[in-house]
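Each remark here refers to the structure printed beneath this line.
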Amino acid sequence: MLRQVLHRGLRTCFSRLGHFIASHPVFFASAPVLISILLGASFSRYQVEESVEHLLAPQHSLAKIERNLVNSLFPVNRSKHRLYSDLQTPGRYGRVIVTSYQKANMLDQHHTDLILKLHTAVTKIQVPRPGFNYTFAHICVLNNDKTCIVDDIVHVLEELKNARATNRTNFAITYPITHLKDGRAVYNGHQLGGVTVHSKDRVKSAEAIQLTYYLQSINSLNDMVAERWESSFCDTVKLFQKSNSKVKIYPYTSSSLREDFQKTSRVSERYLVTSLILVVTMAILCCSMQDCVRSKPWLGLLGLVTISLATLTAAGIINLTGGKYNSTFLGVPFVMLGHGLYGTFEMLSSWRKTREDQHVKERTAEVYADSMLSFSLTTAMYLVTFGIGASPFTNIEAARIFCCNSCIAILFNYLYVLSFYGSSLVFTGYIENNYQHSIFCRKVPKPDVLQEKPAWYRFLLTARFSEETAEGEEANTYESHLLVCFLKRYYCDWITNTYVKPFVVLFYLIYISFALMGYLQVSEGSDLSNIVATATQTIEYTTAHQKYFNNYSPVIGFYIYESIEYWNSSVQEDVLEYTKGFVRISWFESYLNYLRKLNVSTDLPKKNFTDMLRNSFLKTPQFSHFQEDIIFSKKYNDEVDVVASRMFLVAKTMETNREELYDLLETLRRLSVTSKVKFIVFNPSFVYMDRYASSLGAPLHNSCISALFLLFFSAFLVADSLINVWITLTVVSVEFGVIGFMTLWKVELDCISVLCLIYGINYTIDNCAPLLSTFVLGKDFTRTKWVKNALEVHGVAILQSYLCYIVGLFPLAAVPSNLTCTLFRCLFLIAFVTFFHCFAILPVILTFLPPSKKKRKEKKNPENREEIECVEMVDIDSTRVVDQITTV
């Protein structure tokens, strides 16, 4: 009873609102336009988000805390050349991979000379500034001896060249650790790629060589010069490529990921314009019919104008509040399109059900009462699900900003549909009531006048006048609409046919089977190359890197951040045990080996251990570089202690798998908690992958929970709680299918796909809720009858919005970008699976599942008695008289 009272009360409120808007259409049409123009003017403050880490790395993670601790001990910007990472290296740098088209050995004489020539060209790059020309020597990261840090492979190649010049045959390169001329042991696993080795790790050949040039960015001027140097670096490498066509060179800089991420927006522009044109065309066609008076092409266009105004308003608010644009915002218009188009088409469908002899204000009031309640509830669902995604619970900033922008856009879209589109409906209603042409707004002449006109004129001005319509045919004036005719005359009977139902059930079982197969293979995508445009430096570099340099993980820093008893043999065993199984670049292990070579016990007293470390080991040229890895402190009694130190570890991997690397990170962290030695591990790439899985799933998880809560509480607003049960089951079925087929279509669960899945919850409710509501609330007739009725009432609006949405999505598939490719595949699957449920699964399943539609037996009473009438029927052929008993 309470539900019915609330339901009727809300319908009455919307009816009065519709009547009020119909009474003041000019104001409600102009106000949204003025607001959009005023807020849209804020595009003069348009800004683009520069930091990819800010957008895509989890905001709250242990890796960021570890980075701060590491920075306080050993500044990452100074040690980034030793903490190698592919795409996540901090600061400014230029990087290049050199390979050969014929898979030649890059260590032979020709290619060695070529690479050294490229190195010389890079170091001579000049960045002109007023009064001074900066070269690499001026902006490079410096060693302790004030020389530029250059990759060790350059020294190896120079030694190799000198050995060939002097005919020395005893020079050998080992892999992944080799020794330089001065005796230093260095790691070259990320500098030599595609390596073939002899016995004892001696390198036979290498198919690729990677060089990295690290730059300073300690102040704004330095950063600006470094940025320009990176640009000149790419130009120099490309020129070198043109003059040496037998080698393939892949340049990459610290700016490449950011530029290629934002490049998606630029390459998408013409495709989005094409999409807009297609949607406008389809919307106009969907609202058109042969009857030139009742056709509503302008409403199709104005529906898109409504969505555009709402999007513009939301963008203006984001700009005014200091928000910055990023390429993930490309999905917002499609979120708006899916929600806004259905709302406008549902209003138009409700308009067609009103009586033509009513006044426009009364018809508008009926439209609002009929369609705005369900549209308001679905809008509330959008606001709740995206609102939870926009909350601080969302740990990935790109997802939070997207949800926040979508919330604002959805809210204004709802308000503008109520006001702008509603007033547009009023204006077209007056045009219809005055029998004016729906496009040209010219009075349509009566049929007797049209008979005297040419055929083309009669075709353009075909209309059905009320005088031609019989009293009982009033409701059928819109049946000449193609989609209405198709659903009512053909599709509804076909889908509910007894012989069709088994095939639909079979298709659904196949759908569930394939969805389950994909669901069991879901993988999380934390690869940053999945969000950039294709045919870019990032994609080319990443492809080459994965091909040639996938044998070892990024270099992991192993930091002991408190003073421990390094001289104690048990502590030594613990430290060696923790690092066992890794390729190690360790001062500690080198020092212990140094002591053994001197026939000195490693179990020395503290003072002797420390003094020999400082005064002997670190003064030896081949070990002097380890001074950067140890922090000493003097106590009050002049006793020296090692307060912190670091080592570098590299894991052997079959391929650079981020999930495998994350598992390694978690294993080392668990070990650090239980071990006697307090240490942390860090690599710049950990900032992106730490808690990425939980951060990624949190918005979807929270949105699903909030959607369930909203469906539960909205059960008091709908006339029957069974509606919400059916909606929940439908959403689960759709989301399960989308996730499964998304995986089979090689789409990983990343930031973009999670946002699409949140949208999929709302899109499903948008389209399925009216169908289910009409079916559940239907009484007296059979299930089949109410399934047909639900399709006839709401199917046209669903079909119209689906057609417009799909034609708008297709150009997105052609955009040369991984981000838009993910966006297209997810949105297409959401639309297709939802359509499949609306027009196939639900119409069939509802015909044999609850609620029951059996006619309740009426109590016998004096006012409701059956009257029996005898009717005599004469059989003409046999002249027999037949008595037939009929019930009246």
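Using the three backbone atoms N, Cα and C, a Cβ is placed for every residue, glycine included.
Annotation source Swiss-Prot lists transmembrane segment at 20-40, 273-293, 298-318, 328-348, 373-393, 407-427, 502-522, 707-727, 738-758, 795-815, 826-846, citing sequence analysis. The annotation N-linked glycosylation site is assigned in Swiss-Prot to N77, N133, N167, N319, N326, N568, N599, N608, N762, N818 on the grounds of sequence analysis. Annotation comment: Swiss-Prot describes 268-427 as domain 'SSD'.
By the Cβ criterion (under 8 Å, sequence separation of 6 or more), the transmembrane segment (328-348) is not in contact with the transmembrane segment (20-40), since fewer than 3 such pairs are found. Only residues 6 or more beyond the boundaries of the transmembrane segment (502-522), in the same chain, are considered here, and those with a CB under 8 A from a CB of the stretch are 495, 736-737, 739-744, 749, 836, 840-841, 844-845.
Averaged across the domain 'SSD' (268-427), pLDDT in this predicted model comes to 90.
N326 (N-linked glycosylation site) falls within neither a helix nor a strand when secondary structure is assigned with DSSP, and so counts as coil. Taking only the Cα positions, the spacing between N77 (N-linked glycosylation site) and N319 (N-linked glycosylation site) is 33 angstrom.
Residues within less than 8 Å, Cβ to Cβ, of N133 (N-linked glycosylation site) and separated from it by at least 6 positions along the same chain comprise Q126, V127. Packing against the transmembrane segment (20-40) from elsewhere in the chain are residues 306, 309-310, 312-313, 315-317, 320, 360-361, 364-365, 368, 415-416, 418-420, 422-424, 426-427, 429: each is 6 or more residues past its ends and has a CB under 8 Å from a CB in it.
In the shown protein chains, 23 other C-beta atoms lie within 10 A of the C-beta of N818 (N-linked glycosylation site). Sequence-remote contacts of a segment are chain residues at least 6 beyond its ends whose Cβ falls under 8 Å from one of its Cβ atoms, and for the transmembrane segment (407-427) they are 17-18, 21-22, 25-29, 31-33, 298-299, 302-303, 305-307, 309-311, 313-314, 317-318, 332, 335-336, 339-340, 343-344, 347-348, 351, 360-361, 364, 367-368, 372, 375-376, 379, 382-383, 386-387, 390. Burial estimate for the glycosylation sites (N167, N319, N568, N608, N762): highest at N762, by number of other CB atoms within 10 Å. Put simply, N608 is the one of the glycosylation sites N319, N568, N608, N762, N818 whose Cα lies nearest to the Cα of N167 (N-linked glycosylation site). Distant neighbours of the transmembrane segment (795-815): 264, 267-268, 271-272, 274-276, 278-279, 281-283, 286-287, 334, 337-338, 341-342, 345-346, 348-349, 481, 483-484, 487, 491-492, 767, 770-771, 821, 823-824, 827-828, 831, 835, 838-839; these residues of the same chain sit at least 6 beyond its ends, with a Cβ under 8 Å from one of its Cβ atoms. DSSP gives N77 (N-linked glycosylation site) a helix state. Of the candidate glycosylation sites, N319, N326, N568, N599, N608, the one lying closest to N818 (N-linked glycosylation site) when CA atoms are compared is N326.
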